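Engineer: Not my notes, these are from Swiss-Prot:
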type	residues	note
TOPO_DOM	1-122	topological domain 'Cytoplasmic'
TRANSMEM	123-149	transmembrane segment
TOPO_DOM	150-211	topological domain 'Lumenal'
TRANSMEM	212-227	transmembrane segment
TOPO_DOM	228-241	topological domain 'Cytoplasmic'
Amino acid sequence: MALLNRLASALESHRVRDRLIRTLGYCCQLIGGVLVEQCPNRSEVGRRLLVVSAQFNHCRTVLRLFDDLAMFVYTKQYGLGTKEEDIFIRWLSVLSNVTDQLYYPCEHIAWAADAKVLRVDSAWWWTLNTALWTLSLLLGAVKALWTMLKLRQKLRSPTGTSASQLPRSKRRAMEARICSEVLTLLSNLADLANAVHWLPRGVLWAGRFPPWLVGLMGTISSILSTCQAVRAGRQAEADSP
């Protein structure tokens, strides 16, 4: 019963619910794509799963109509990142925040065009939206890789201190941060593969992924981000008095 209560409580969170919908959507696309391509006698089930996947994706698009304000508050609080020690991370984060802020209205316009609310070319807005997502993922991957390398450098030869002389708690915190950055990097790269696939044909491997491969990349990314969230939650519980 306690587990059921915790699950119910977690699902009240928008982030947890979005993460679950995302994972289910990509899992349905993965399984559905495999059934359609590899199992002719189960192709009808596969097509139904692909429809379910599309509906999950549409659900997330509608829910993101309300994310602009939260993103704006975060961007405003970060500002120009004057508190950031690493100037490279600082400007990567500023550019990433601007990209993410522009992503939402572009998606809203594309959605409204598909819904016949606005008379504009939805394909153009979806392309711009995907390009912004691709840039955001690329910036996130570079940021995670840079942070990971800097932390590893500190562990190996921190200024004026040998690695063995670092306090155990600080060393564990740095190792946990490195693990978190690795998960972020891999998750962003998996999403980046899909983002490029959804760009106009002629751009790298755009349009070449079968549905099951899109589902696989998305499922990997979703599982990695879920693992990262669970680790962060446990770390927060451990740090709380």
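A Cβ is built for glycine as well, from the same backbone N, Cα and C atoms used for every other residue.
Situate these features within the shown structure.
Structural biologist: Packing against the transmembrane segment (123-149) from elsewhere in the chain are residues 86, 88-89, 92-93, 95-96, 99-100, 102-103, 106-107, 109-110, 113, 177-178, 181-182, 184-185, 188-189, 191-192, 195-196, 198-200: each is 6 or more residues past its ends and has a CB under 8 Å from a CB in it.
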Engineer: Could you give the residue numbers and ranges of same-chain residues that sit at least 6 residues beyond the transmembrane segment (212-227) on either side and whose C-beta is under 8 angstroms from one of its C-beta atoms?
Structural biologist: 19, 22-23, 25-34, 37, 53, 183, 186-188, 190-191, 193-194, 197
Engineer: In the topological domain 'Cytoplasmic' (1-122), how many residues does DSSP assign to helix, to strand and to coil?
Structural biologist: 101 helix, 0 strand, 21 coil
Engineer: With helix taken as DSSP H, G or I, strand as E or B and everything else coil, how many residues of the topological domain 'Lumenal' (150-211) land in each class?
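Structural biologist: Each residue of the topological domain 'Lumenal' (150-211) counted once, the result is 41 helix, 0 strand, 21 coil.
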